[in-house]
Amino acid sequence: MKKSIPLLVAAIVFLILPAFVTDDYILLACINILLFAYLATAWNIVGGFAGQLSFGHSAFMAIGGYVSSLLFIHAGLTPWIGMLIGGIISAIVAVLIGIPTFKLKGAYYAIATIAFSGGLLTILNTVKHIGKIDLGASEGIVIPYKSDATFLDFQFVDKLPYYYIIFVFLAVILLVAWYIDRSKLGFYLTALREDEEAAKALGINTARVKLYAAAISGFFTGIGGTFFGQLTMYLLPDTVAGPGLSSQMVFLSIVGGIGTVFGPFVGSIFLTTIGEITRVTLGDTIPGLHLVIYGIIVAFVILFYPKGIAEPLQNLLLKGKERKGFDERTLTNQRSQ
């Protein structure tokens, strides 16, 4: 119960945060923190729980975003339904890609995921049309704004609705990750991650378990692509399918605590906040300096906190609370004497 206190406090803080934020830029930064926490948690299902280090997950975000946006533009389909279709297609592609690539081990699998993502990025950057469908090539696609937009159009005048939508999305995927972690599938994934050969010896169908994880992870990542598209009203291949986005999902999970339920959430709060602060304060002084600092922080955490910062931070907060309680009890006893 005690270990749930920091998480509960964080949830309450993020729930009421918009009431104290009057600057649209800060609110957008908070949306980005929640969005990247969501994406990193989706990645963590296959990259952390299953131990399959994917560096091509941005491809599934691009698939989800492009599918829902094109359905909205050319068929007038509400993005809410398009989001589910995009998520399902992303899950199917994740399984189809996983069938051959999951036979690879370690770095070879990581390289294969980079190749897949790079191939999709090349296609999106070079293909202008598919029949009558305009993909925009390197210019991307612009999602038309409707002046009479309703909730079904997933378009809002201000950013506050987007904040609470991604807040709910993050809560859902954290619950899914929590359930998986405590389910039979979670046990299988842990066994697979620790020793695949031993897992096979126990009778676990490791190939099927990997595909389950890939499908779940791909589905939620695709949904994240739809949200990003509706938030920005613009999809650029290098942004949604580029290697930078995939790497960020990996780094957030590693820094927070790879293979843990709430590690990616903590990693996103920590890294995304620092990244944004350094970009704003140092980006204009020396171009690229904020990226260097970002990299140094990631390297430092990997070296000194290989299991991530979530657990040490949680223990520190709980220890401080217990210490405060001890001091208050001591002071009360001294006064009574």
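Heads up, the Cβ atoms here are built off N, Cα and C, so glycines get one too.
The transmembrane segment annotation in TrEMBL covers 31-51 (among others).
With a cut-off of 8 Å between Cβ atoms, the residues of this chain six or more beyond the transmembrane segment (58-75) that come close are 39, 81-83, 85-87, 89-90, 93-94, 116-117, 120-121, 124, 132-133, 135, 141, 143-144, 217-218, 221-226, 228-229, 235, 237, 240-246, 249. Marked as transmembrane segment by TrEMBL: 58-75 (among others).
Residues annotated as transmembrane segment in TrEMBL: 81-99 (among others).
The annotation transmembrane segment is assigned in TrEMBL to 106-124 (among others). Outside the transmembrane segment (106-124) by six or more residues, the chain places 52-59, 62-63, 66, 97, 135, 137, 237-238, 241-243, 246 with a CB less than 8 A from a CB of the stretch.
Here TrEMBL flags 162-180 (among others) as transmembrane segment.
According to TrEMBL, the transmembrane segment annotation covers 211-229 (among others). For the transmembrane segment (211-229), same-chain residues at least 6 beyond its ends with a Cβ under 8 Å from one of its own Cβ atoms are 35, 38-39, 41-43, 45-47, 49-50, 52, 57, 60-69, 79, 82-84, 86-95, 97-99, 102, 143, 154, 162, 165-166, 169, 173, 176, 180, 185, 189, 235, 240.
Annotation source TrEMBL lists transmembrane segment at 249-274 (among others).
Sequence-distant contacts of the transmembrane segment (286-305) (same chain, six or more residues past either end, CB-CB distance under 8 Å): 251, 254-255, 271, 274-275, 278-279, 312. Taken from TrEMBL, the feature transmembrane segment covers 286-305 (among others).
Proximity of distant same-chain residues to the transmembrane segment (162-180), defined by a Cβ-Cβ separation under 8 Å and at least 6 residues beyond the stretch ends, is recorded for 11, 14-15, 18, 27, 30-31, 34-35, 37-38, 41-42, 44-45, 49, 156, 186, 189, 216, 220, 223-224, 227, 230-231, 261-262, 265.
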